C-alpha cells in the first residue's frame with residue numbers, strides 16, 4: 001500500500017514537534033519538584049508560621065507536600081474526562097491549542113505562590129496544570145497517530161514520551177540548588193514551562209488538522225485531502241490513504257456514546273488490554289522512583305540530587321532507544337521485554353535492600369538497579385501504554401479510548417504518589433515485591449492477549465476485533481494472538 005511507504009516531510013515533522021511541546025511541559029513539572037522539595041516545604045512552614053505564630057506540625061507538612069506532588073495527577077484524572085468532548089467538538093489540533101491555556105494559567109499560579117505568600121496558590125496551580133496534563137497526554141497521541149503514515153506511526157507516537165522524559169530531565173536540572181532550586185529562584189523555576197507553552201501557540205496553528213478527523217468525523221473530504229497533501233507531499237500517497245480512510249469510515253458509526261463504548265462486544269477485548277497494560281505500567285514502580293528518587297538516595301549518598309539526574313538521563317536515553325526500535329521490534333516484543341525486565345529489577349532491588357545493612361558496598365548496585373528499572377520502563381511500557389489504545393480502537397471510539405487511557409495512567413500515578421511513602425514505611429524493602437507482582441501479571445496478559453499492531457492500518461486492526469464479535473484468533477504476523 002502506498003501509504004505504508006510514506007516518508008517524512010517537513011510539515012509532518014513540525015506538526016509532531018509542535019504537538020509534543022505539551023508533554024515537555026508536563027515532564028518539566030514532574031521533575032522540578034524533586035530536588036528542591038525541602039526548600040518548598042520550608043516555604044510552606046514559613047507561610048504557616050507567619051499566619052499562626054508557630055511551626056507547622058511534621059505530619060501536616062508531610063501531608064501537604066504529598067498533596068502538592070500528587071494533586072497534579074488527581075487534576076489529570078479529572079482532566080481526562082474531557083478528552084472525548086474537546087477532541088470531537090474542536091478537532092485534534094485545535095483541542096491541543098485550547099487546553100494549552102490551562103498550562104499557562106497553572107504555571108502563572110505556581111510561580112505567583114511565593115509573591116502571594118500562599119502555599120494554597122501553589123497547590124491550586126498544580127491542580128489546574130494537572131487538568132492540562134490529563135487532556136494533552138491523550139490529545140497528543142491522538143493527533144500524532146492520525147497525522148502519521150502507518151510505517152512511522154508508532155515511532156512518532158513515542159516522541160511524545162521522549163518529550164515527556166526530556167522535560168523531566170530539564171526539570172531535574174532546573175531544580176538543583178546550583179541552578180534555580182534555591183530559596184530565591186524556585187518560584188521563577190516553576191514559571192519556565194511558559195516558554196514551550198507560548199512557543200506552541202506560535203507554531204501549531206500553522207500545522208494541518210488531522211485528516212482522519214476531517215474526513216471521518218466531519219465528512220469534509222476536500223479539507224482532508226488538502227491536509228493530507230501537506231503532510232505527505234505526494235498526490236499518489238494521498239489518494240491511497242484517502243481510500244483507506246473511506247473504507248474505515250464505511251465500517252464506523254457516528255454519534256458514539258460512552259455507554260456504547262463499554263457495552264459493545266468488539267471493544268471488550270481491547271478495553272481489557274488497555275486496562276492491564278496501563279495499570280501494569282503505572283503500578284510497577286517507575287513513578288515512585290521518579291517522584292521520590294532524591295529521598296531514596298539521600299540516606300546512602302551525599303550527592304543524591306546528582307544521582308537523581310542520572311535517573312533523568314537514563315529516562316531520556318531509553319525513550320530514544322524505544323523511538324528507534326518501535327517500528328523494528330514492534331509493540332508486543334518491547335512490552336514483553338519491558339515488563340519482564342521491570343519484574344526482575346524489582347526482585348533484585350528487594351534482595352539488595354534487605355542485605356544493604358550487612359553489605360553497605362551494595363549501594364552502588366542499588367543505583368544500577370534503579371537505572372535498569374527506568375530503562376526497562378521506557379523501552380516499552382512507558383511510551384506504548386500512552387498510544388496503544390489509539391491503535392486498537394476505530395475512529396469513533398478512539399477519543400473515548402484515549403480518555404480511558406489517560407484516566408488509568410494518571411489514576412495510577414496519583415495512587416502511587418499518595419501511597420508509596422506510607423507503603424515504604426509499612427513494607428520496607430518488600431514494597432518492590434508488590435511492583436514485581438504487577439509487572440509479572442502485565443507480562444503474562446500481554447503475552448497471551450496482545451496482537452502486534454506494527455505496520456498495520458487502523459482499519460486492519462479494527463477488523464481483527466470486529467471479526468467473530470471481538471474474538472480475534474490470528475494476526476498477520478502468523479502467531480496465535482488469543483487462546
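Counting begins at 1 with the first residue displayed.
Placed from the backbone N, Cα and C atoms, the Cβ positions cover glycine too.
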Annotated range (TrEMBL: transmembrane segment) out of 225-249, 400-424: 400-424
Of 31-49, 430-448, the range TrEMBL labels transmembrane segment: 430-448
The transmembrane segment (365-388) in contact with the transmembrane segment (185-204), cutoff 8 A, at least 3 CB pairs, sep 6+: no
Average model confidence [pLDDT] within the domain 'Major facilitator superfamily (MFS) profile' (15-454): 89
